[in-house]
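Residues or ranges marked as domain 'SIS' in Swiss-Prot: 37-194. Positions annotated as substrate binding site by Swiss-Prot: ASN52, GLY53, GLY54, GLU65, ASN93, ASP94, SER119, THR120, SER121, SER124, GLN172. The Zn(2+) binding site annotation in Swiss-Prot covers HIS61, GLU65, GLN172, HIS180.
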Amino acid sequence: MYLEQIKAELNEAATVLNKFINDENNMKLIQQAALLISDSFKQGGKVLSCGNGGSHCDAMHFAEELTGRYRENRPGYPAIAISDVSHLSCVSNDFGYEYVFSRYVEAVGQKGDVLFGLSTSGNSKNILNAIKAAKEKGMKVIAMTGKDGGQMAGIADVEIRVPHFGYADRIQEIHIKVIHILMMLIEFEMAKTE
């Protein structure tokens, strides 16, 4: 009944993943992002993560695995997903949704922290504002984008881009794979100092 559609979906996902893997620069950027986060943790910094929709869930997933665990039992790492409903609804109502993440960064972010922002289009105004606020605070920025990187192209310290121009779900599938690899590398790196 749907076997061909199922196979086509999986084949498309594999094609997007293989294209991402075959760009050696992506491997270097993932390593660079993991080291940037690990260095922040070693110096007392934290990660603030944010995204919209499915990317918001990925931001929460990343923070949860940093504070909780990924594969190994180890001390928790300082991370906050900007997901507090009272904060989001307050700022959305009083200032506008484009400021929900930047207001939090202004309040909680410190020099040496890392902003981890996800946007499949690279054009999410609230993520762009968060990046601006993070830069003003002296924070480092890791951006996970898709397509051509949108307005986020070139403005982060590290941008990991999935150059897929179809539906956003394919981009998000690579983003979560990258998040899991980042977790593995961060755990490897932090184990050197624990």
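Any Cβ shown, glycine's included, is placed from N, Cα and C.
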Given the binding-site residues ASN52, ASN93, GLN172, which one has the fewest other C-beta atoms within 10 angstroms of its C-beta?
ASN93
C-alpha spacing of GLU65 (Zn(2+) binding site) relative to ASN93 (substrate binding site), in angstrom:
30
Average pLDDT across the domain 'SIS' (37-194), rounded to a whole number:
97
Cβ neighbours of SER121 (substrate binding site) where a neighbour is any other Cβ within 10 Å:
18
